[in-house]
Amino acid sequence: MSSHARVYISNLSFEASENQLYEYLQDYNVISVLIPSQTVRGLKNKAVRPFGIAYAEFSNEEDANKVIQELNGKLFMERHLNLRMHIPIDSNKVQIVRKSSVAVVASSTAGADPSASSDTPAEAPEVASALEQQPLVKQLKSRKHRLTPFRRKKREEPAVEADIPEASTENVQETGNNETEVSEAVAGAADANAGANADANPIVTVDPVNSESSDVGNVTTVITEKPVSETIAFIGFIPRNTTDNQLREYFKGFDPQEIVVFKNRTYRRGFTFHRHFTAALVTFPDAFRLNDAKQFATQEKFRGKQINVKNAFIEKIEEVQRALEKKAGANTNGESAEGNNEIPADAGVTGDEPDTANAVAAIPIEGNPQPQADGNDGAVVEPEANAEPLIDQEDGVTASQDNPLLNSNAESQLESQQPVEQVAA
């Protein structure tokens, strides 16, 4: 162990270096200076960040005490230094103990009594085990929300122990009502053992003759793999913009029949974008050609990429067929919609619009007959030579040249009538 005196310095500037601090303490016979730091590794470079403390070693304790008395609280690089003697840590005296162990020791020592009965030591392990299990239960409760519903249900199911020691009624002492309880416990354990063995070795029974058999408890559901096609191959993650002609050229030695190229969409949890990948279904004449094509794909690359050819699932084939039917139906509806967009020639006028030709009344001037527009078909009707002048329906005044007011009104109405006659013509 070194006999040098060590001084602990805190509140040190983060920009201070060991050389600067050594020059600052060289008047006090300093031997060495150490500034602890940590290295932070980033993406491009590494940064060294000091902790803001330092350790300085001196030749004797007198110099160390002198430094503490004279430089404690002094300003160094815009910071007031805090100096004190360094106290080394004795590893033999430091004990790292968990909180649960401390609680167990405290409870056991607090209840210890030399004159106590022999039942007290027997209860201590039970208390210790119960206290040791508490942090585990809390941990499971905190992680309960992270489990999926299936795993949560499986975790909450009571565990059944398959290995249960055999118990005989001969070793059971008669203690009042305890004998009945022990016998019931033994019977329950035997039933649990039988149930565990039944679960460990399930028996599948099928009765094709009598479908309404009462022995339903022994029948278990057997989960099999998804059915696949023997002549249709599924090829996933092929290069983008792949055409059926390219795949037909690649599998030309195996006589491919029908090729469908489509895009699959996969969803990722936590991301806002969706991933699309191109896949294909290739139909071969028989299963032997399909197996040869699978072996061929392991040796030859397709457009510079290794592809995986495997038997297609029946549900995937049905899904692609539904998509094709939906697309064909959409195309058919689109063509019919384009035909219905043609507007007929006689549909330009609706029944809700007022008839402008019938709404305008023509009042010709006497002696200068004007043609009138027929309201039915828009034809111009020439007035008769001896036609009587029109009479105003409101006040019964006849329009003539003797009344200048009526003549002016008639002229204004004739001006408004001329555009209608031109439209009708």
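Backbone N, Cα and C atoms are what each Cβ position is placed from, and that goes for glycine too.
For 5-88, the entry in Swiss-Prot reads domain 'RRM 1'. The region 'Disordered' annotation in Swiss-Prot covers 109-128, 140-182, 329-425. The compositional bias 'Basic residues' annotation in Swiss-Prot covers 140-154. Annotation source Swiss-Prot lists compositional bias 'Polar residues' at 168-180, 330-339, 398-425. The domain 'RRM 2' annotation in Swiss-Prot covers 231-314.
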Go ahead and report the DSSP secondary structure tallies for the domain 'RRM 1' (5-88): helix first, then strand, then coil.
21 helix, 32 strand, 31 coil
DSSP residue counts for the domain 'RRM 2' (231-314), split into helix, strand and coil
22 helix, 33 strand, 29 coil
In this predicted model, what is the average pLDDT of the domain 'RRM 1' (5-88)?
89
